[in-house]
Amino acid sequence: MLQQREWREGFLAERMQDEILQEQILIETEGERIGQINALSVIEFPGHPRAFGEPSRISCVVHIGDGEFTDIERKAELGGNIHAKGMMIMQAFLMSELQLEQQIPFSASLTFEQSYSEVDGDSASMAELCALISALADVPVNQSIAITGSVDQFGRAQPVGGLNEKIEGFFAICQQRELTGKQGVIIPTANVRHLSLHSELVKAVEEGKFTIWAVDDVTDALPLLLNLVWDGEGQTTLMQTIQERIAQASQQEGRHRFPWPLRWLNWFIPN
C-alpha cells in the first residue's frame, strides 16, 4: 500500500527528475567547476500531497571590480527576507576571516540558475558561501557532491528542514545516471538525528556507493568540495590563495576605491 501511494504521489517528482536527466535543467553530478555548486531544495506545490527534493545549481562569478557583491535573486526581487539575511551573514563571515587591510579588487554576483520563482530561506547559505570561496580562490568545486545547511557569522553549520527529501532527490538523480561511489551529500551534524531515508538509499550508503558527510563548520565542508583546507600551516590553503589573488590584483590596479566592506554591503541598501 505504501509503495502504491508513493507511486501515485511521485509523478510530479519524476517529471522534475526527467527535466534534469534530459538536460533541460542543467545539474552536473561529476567533474569540477569553478564557482558552481549543487545545493538542495525542497519543492512544494499547492494541492500536491507531497513535498520532494531536488538539486539546485548555484553559480558565482567573480571579476575585476570595486568590491561590490550582487545577489541576483534580490536584485530581481525573487529573493525573500530570510534568504537576504542568510546572504549577509555569509558575507560577514568571509570579511571577518579574510581581515584584509586593503579594499577588495573584485566584484561578485551569485544566483540560483534556472530558477524562475521566489527563493526564500537560508538553507542554501553554506552552499552559497562555498561557491563564493571557490570563485574568489579560482579553485573548482566537486560536482559529485551536494550540500545543504545554513551558516552563522562564525561559519558554524546550522540544521535545516526537509533533509530527507533533499538527500533522496539528489540520490535519485545520481542513481539514474549511475552511482560512481564518489557521489554524496554534505549535511550539518545537528541534522543527523533527523535522518529517516528510503531503504534503497540506506543500502547504497552501506555498500559505499553513496556517502553522507556530517559537518560542524563550513571549514569542514571545504576540503570535501574544493580539495583544499580553509586555513592552516605548512600547506596551501584557500584563505592564503584568496589573499594572494587580492594582493596581486590590488598591485596591478593601483587605483583608489571606496572602502570595500561598504561596497560589499551596498547590494542590500535601497536605491
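Glycine too: its Cβ is placed from the backbone N, Cα and C atoms.
In TrEMBL, annotation is done automatically, which means it is predicted and not curated.
Taken straight from TrEMBL:
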type	residues	note
DOMAIN	31-228	domain 'Lon proteolytic'
ACT_SITE	SER123	active site
ACT_SITE	LYS166	active site
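Residue environment of SER123 (active site) contains 25 other Cβ atoms, counted within 10 Å of its Cβ in all protein chains. Restricting the average to the domain 'Lon proteolytic' (31-228) gives a pLDDT of 89. Across the fold, the C-alpha of SER123 (active site) and the C-alpha of LYS166 (active site) stand 11 Å from each other.
The Cβ of LYS166 (active site) has 28 neighbouring Cβ atoms from other residues within 10 Å, across all protein chains displayed. Reduced to three states, the DSSP call for SER123 (active site) is coil. Under the three-state DSSP scheme, LYS166 (active site) falls in the helix class.
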